[in-house]
Amino acid sequence: MRRAADLPWLPLLAVTLLGSIVLSFRVDQFLTSYNIFVILQGAATYAVIGFAAMVVLVVRDISLAVGGIGAVSGVLFGWLVADQGMPVVPAAIIALVGGAVAGLANGLLITRTKLNGFIVTLATGALLTGLAIGATKSAAFAGIPRSWTAFGQGRIWFFPLIGLVTAAVAAALFVLYRSTRPGRAMLTAGGNPEAALLVGIDNSRQVVLAHVLSGVLAAIAALLTIGRIGSAPPDLGTDWVLISFAVPIIGGTALAGGVLSVGGALVAALVLAIIDNALVLLSVSPYGIVLAQGLLILVAILLGNLSRIVRRRPRLQGAT
């Protein structure tokens, strides 16, 4: 059984649930089936956005291009289905391939030039966002097929249909890192690059693979968002940076690489969605919501450091 010290998101979840109970007495619509659906719908999207950053953090790298890749993938999908009349499924596949190609470009730029991933993805993220806005002249594609928006906005009682996609993605990531050689290689490369080299793991290859996977996940997040809002705006991913890091960090993914928690990321996405929804119902400004998200990241980092100290203490006591 995992100790509480190994679950840095547990105190945040407890406080959030307690706050939700208190809020339900103040705001009548908070615990309605529709509002719970809205919260879970937001959490489903937040989780995939967070996964896109998480898979790169695992290999001790960073991606600030998640939003830019999402914007380009979303615009590509919108253009194909709205302007070209392409069916949803092949258009979605092409959008996913586009995300993978963008991620591949990031990975190759980082590994071939030896430049810092922060700098590379900051530049490519801005480039991709500018490309999406420039290509569309800031106009959104509004003719999204009803079949996709019905799925994106659909629900079974209070459970959003897009949550099925998020659950499938989470399960795939869990299996990848738990039971497959590529997943374990990425964990090893991120946790101890020197040891990875000794056992024949190509660290650069793992970085490239992580960025490709990140690009695919960013494209999935874009498709889910388009289904939710019913259009494909070129600025779709401009507000994803904070969420993309908040979800994995709050969920227990190590900034130093080698450690991740798919379940923790799901919980973190739910916590963020609950807090965002509560602040909206309380008429807090968007700036206040961003402030709350930033504070949560800071608290999560502090809790993560505290948990490492707690885990280290028994070993230190045993050595004396």
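Glycine is no exception: its Cβ is also placed from the backbone N, Cα and C atoms.
TrEMBL entries are annotated by machine, without manual review.
Per TrEMBL, transmembrane segment is recorded for 34-57 (among others). A Cβ distance under 8 Å defines the sequence-distant neighbours of the transmembrane segment (34-57), meaning residues of its chain 6+ beyond its ends; these are 63, 66, 69-70, 117, 155, 157-160, 162-163, 165-166, 169-170, 173, 186, 190, 210-211, 213-215, 217-218, 220-221, 224-225, 228, 240, 243-248, 251, 253-255, 257, 260, 262, 265-266, 268-270, 272-274, 276-277, 281.
Look at TrEMBL and you will find 64-82 (among others) tagged as transmembrane segment.
The transmembrane segment annotation in TrEMBL covers 88-110 (among others). Sequence-distant neighbours of the transmembrane segment (88-110) (same chain, 6+ residues past either end, Cβ-Cβ under 8 Å): 61, 63, 65, 68-70, 72-74, 76-77, 80-81, 116-117, 120-121, 124, 128, 145, 147-148, 207-220, 222-223.
For 117-136 (among others), the entry in TrEMBL reads transmembrane segment.
Under the heading transmembrane segment, TrEMBL lists 156-177 (among others).
Outside the transmembrane segment (207-229), and at least 6 residues removed from its termini, the chain residues within Cβ reach (under 8 Å) are 41, 44-45, 48-49, 51-53, 55-56, 58-59, 61, 63, 65-67, 69-71, 73-74, 77-78, 92, 95-96, 98-104, 106-108, 110-111, 117, 144, 148-149, 151-153, 162, 165-166, 169, 182, 186, 189, 236-237, 240. Annotation source TrEMBL lists transmembrane segment at 207-229 (among others).
If you look up TrEMBL, you'll see 241-260 (among others) marked as transmembrane segment.
If you look up TrEMBL, you'll see 265-282 (among others) marked as transmembrane segment.
Sequence annotations record features per position, and here TrEMBL assigns transmembrane segment to 288-306 (among others).
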